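Chemist: Dumping what Swiss-Prot says about this protein:
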type     : residues : note
TRANSMEM : 34-54    : transmembrane segment
TRANSMEM : 59-79    : transmembrane segment
TRANSMEM : 103-123  : transmembrane segment
TRANSMEM : 148-168  : transmembrane segment
TRANSMEM : 179-199  : transmembrane segment
TRANSMEM : 220-240  : transmembrane segment
TRANSMEM : 259-279  : transmembrane segment
């Protein structure tokens with residue numbers, strides 16, 4: 001009798017715990033999470049240390065590296081929580097996925113307008129250079145980069161990564177090996193692109209402080225580089241979720257959003273290559 005009581009008690013308590021964790025409504029109610037404030041603090045460290053590095057402070061580069069490590073770590077942990085909520089706790093119902101899709105599309109639209117503001121600043125100076133710039137673009141004394149060397153190579157690399165991620169998208173879910181190989185190829189190409197971008201920055205004949213050309217160039221390409229870093233993390237999380245059998249025919253929203261984000265990064269780079277490297281140089 002006592003064993004039966006204990007068994008019923010355990011069953012009732014387990015049922016209560018499961019009912020608390022399983023979502024019974026279609027609304028996206030987020031739980032308390034430390035990651036938004038952690039990501040915000042990491043971005044603050046990256047911003048401040050970036051300014052310190054530009055100003056020549058001795059510990060600026062160290063703090064910048066520390067900030068990037070903190071940003072990548074907190075984003076990874078945040079992705080882990082989102083995967084748990086969507087895959088194991090059932091929080092991402094079809095209604096919630098609709099809302100998340102709309103929110104992500106609006107986020108990409110806001111990013112489009114951010115890049116429009118950067119291109120606006122570039123073309124504002126390039127189309128009507130002032131007397132202080134020598135009434136000429138590029139400004140007098142600026143030695144620009146050859147667009148047919150590293151920039152062209154990076155263009156080929158990034159477009160190739162767009163092709164491999166599209167292959168992974170179309171391989172899902174019937175060809176799991178194709179998804180894995182496509183994502184691995186995309187991540188490798190993204191890493192190579194970032195490496196060449198850093199090589200280009202290191203060997204560039206001008207700096208961020210070299211007038212409006214240097215500031216707009218590094219702002220445009222650097223902000224795009226940050227998006228490449230975020231997209232690489234996004235795709236890496238998608239790869240780990242594929243390897244962990246998290247994705248199904250009807251439940252792979254994060255995977256699709258990562259692909260959409262990567263295509264956005266591809267398109268922005270094409271505009272950067274044509275306008276900043278080729279036409280503006």
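Positions of Cβ are set from backbone N, Cα and C atoms, glycine also.
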Chemist: So, does the transmembrane segment (103-123) come close enough to the transmembrane segment (259-279) to give 3+ Cβ pairs below 8 Å, pairs being at least 6 apart in sequence?
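Modeler: Result for the transmembrane segment (259-279) with the transmembrane segment (103-123) is yes.
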Chemist: Pairs of Cβ atoms less than 8 Å apart decide it: which stretch in 34-54, 59-79, 179-199 has the most with the transmembrane segment (220-240)?
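Modeler: By Cβ pairs under 8 Å, 179-199 leads among 34-54, 59-79, 179-199.
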Chemist: What same-chain residues lie close to the transmembrane segment (103-123): Cβ under 8 Å, and 6 or more beyond its ends?
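Modeler: Hits for the transmembrane segment (103-123): 216-217, 219-220, 223-224, 227, 257, 260-261, 264, 268, 271, 275-276, 280.
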Chemist: What else in the chain is close to the transmembrane segment (34-54), if you only count residues 6 or more beyond its ends and a Cβ gap under 8 Å?
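Modeler: Non-local partners: 60-61, 63-64, 66-68, 70-71, 74-75, 77-78, 81, 208-209.
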